[in-house]
Amino acid sequence: MKYRQHAAFVEIEPPQENGVIQSTQDQHSSISPPTSTVSGAPDDEPFSTYFEEKVPIPVDVTQMFSFRKLWAFTGPGFLMSIAYLDPGNIESDLQSGAKAGFKLLWVLLGATIIGLLLQRLAARLGVVTGMHLAEVCNRQYPTVPRIILWLMVELAIIGSDMQEVIGCAIAFNLLSVGRIPLWGGVLITIIDTFVFLFLDKYGLRKLEAFFGFLITIMAVSFGYEYVMVRPDQGELLKGMFLPYCEGCGPAQMEQAVGIVGAVIMPHNIYLHSALVKSRSIDRGNKKEVKEANKYYFIESTIALFISFLINVFVVAVFAEAFYERTNIEVNAMCNASDSPHTDLFPLDNSRLQVDIYKGGVVLGCFFGPVALYIWAIGILAAGQSSTMTGTYSGQFVMEGFLNLRWSRFARVLLTRSIAIFPTLLVAIFQDVQHLTGMNDFLNVLQSMQLPFALIPILTFTSLTSIMNDFANGLVWKIGGGVVILVVCAINMYFVVVYVTSLSSVALYVLAGLLCIAYLCFVGYLAWHCLIALGVSCLDVSCLPSRVSNNRPSVLIEEQPEYDT
């Protein structure tokens, strides 16, 4: 595969088979991956994050489908699926079950399907271009929007990481019967995360197997709780496939919005587009690229199906055992079981409010200490695995947006420190029993960052200049645009509900000012996205195709010629 080193503006007719309409030099130009992953740092250790080796793909020209090839492509989708199982998702699941019973399972199913379609776009971008989303953003957006975009994505990663690390800390607190404080659990998580992140030194497949082991622990732990509680299967199926919520009020509707926000996470789009680069694919061969897209989609479907089942386990357990329970009922059960956590539940008839910590406590009160410890083990696996993938996300995002070429240890240390310091401060000054309010804030923070992943991924996968023959078709452009609009609208509703609950004029004014700046930047990204989707009337100055004498003046760069 060869790439031209220089480009020039010329007058041409509409693109031919091997030519691609380009933009001005800085706008939506053809991209080609770096010829060397060590560029710019000859004296440093080889530049690598997760990609010190590439998994070879077996050659089998006789079969349309090969399990050997599927196994070779298996790994990135399961690492991506861990974001659907992080402590924030688990907390959303248990609150959904406790507040609405089985009635919101269809929302979880729909959000997972939407997530799968968005992950498909992320995987295709990485496979076709050989670059992940942050790298493409670095090459396509001007400097100021690029820096703002990086900061927004970093905020999302920090918010997610705080939930994950605190989830681990809560698990350590439950397993130690309160002997390990929240800040102590955070420090333990920091240390073991550094250790686990270097597992890929022993081989990429071993690292992926370790993540598979953690997913298995979650499946067994939450599956045990599911079997022990024995939820009503009829109600479960009804809630999953009947898109209706009978008798639901504002609390249930807000919970439904929270499910969507918890499932679809912005940094996961960046992560998945990078993970797919770990397989040895000849991007100059159209057949190989098409095959890789197919197997990655199958693998992602399987991985998200498993993550969906684990989420269903959690929802069903709390729907069956704790839906419409009152605090006084739970207090009585905890007293009867000699639980040391009885004071968590006041003696009143208000509905039970649960989070990850209280969820483990009530399971222990109703089903014995074994249920509590198994719950804590599942939360620990969820927090540990998602903390590791979150760190990878931070490295990919920082390296891609800022074009960093640092040593491996320096990159891990920096990306960990950015997220860990705020978490440690929260852990020191917050009680383990009063974290629900902070989790609500972190969910809102991540919801606000969604457009900064969804809009760029739809923009770049719709451009023929970037994706060549694999650019989104009309159906994907329209469908993707509608899905992203709906998801962003739902999450903005979640943000508005949260802000209005603050009851402070000063906070309203601050939120209003931030909202204006936020909407202006989202509008900028949306403008570029609409041009990429074909709304040519918006193309006025910085154009994907500049009109001159009724013919486009375009930047031509040689695309890889596919071997057929």
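For all residues, glycine too, the Cβ spot is worked out from N, Cα and C.
Cross-referencing 72-89, 162-179, 450-467 with TrEMBL places the feature transmembrane segment at 450-467. Remote same-chain partners of the transmembrane segment (296-319), defined as residues 6 or more beyond its termini with a Cβ less than 8 Å from a stretch Cβ, comprise 70, 73-78, 80-82, 84-85, 89-90, 93-98, 100-102, 104-105, 108-109, 112, 115-116, 119-120, 123, 127, 215, 218-219, 222-223, 225-226, 229, 231, 235-236, 239-240, 272, 276, 354, 359, 363. Residues of the same chain lying 6 or more positions beyond the ends of the transmembrane segment (413-430) and with a Cβ under 8 Å from any Cβ of it are 154, 157-158, 161-162, 165-166, 169, 181-183, 185-187, 190, 193-194, 390-391, 394-395, 398, 406, 438. Contacts between the transmembrane segment (256-275) and the transmembrane segment (505-527): absent, as fewer than 3 C-beta pairs lie under 8 angstroms at sequence separation of six or more. A Cβ distance under 8 Å defines the sequence-distant neighbours of the transmembrane segment (356-382), meaning residues of its chain 6+ beyond its ends; these are 82, 85-87, 89-91, 94, 164, 167-168, 170-175, 214-215, 217-218, 221-222, 224-225, 228-229, 317-318, 321-322, 330, 333-334, 337, 339, 341, 344, 432-433, 435.
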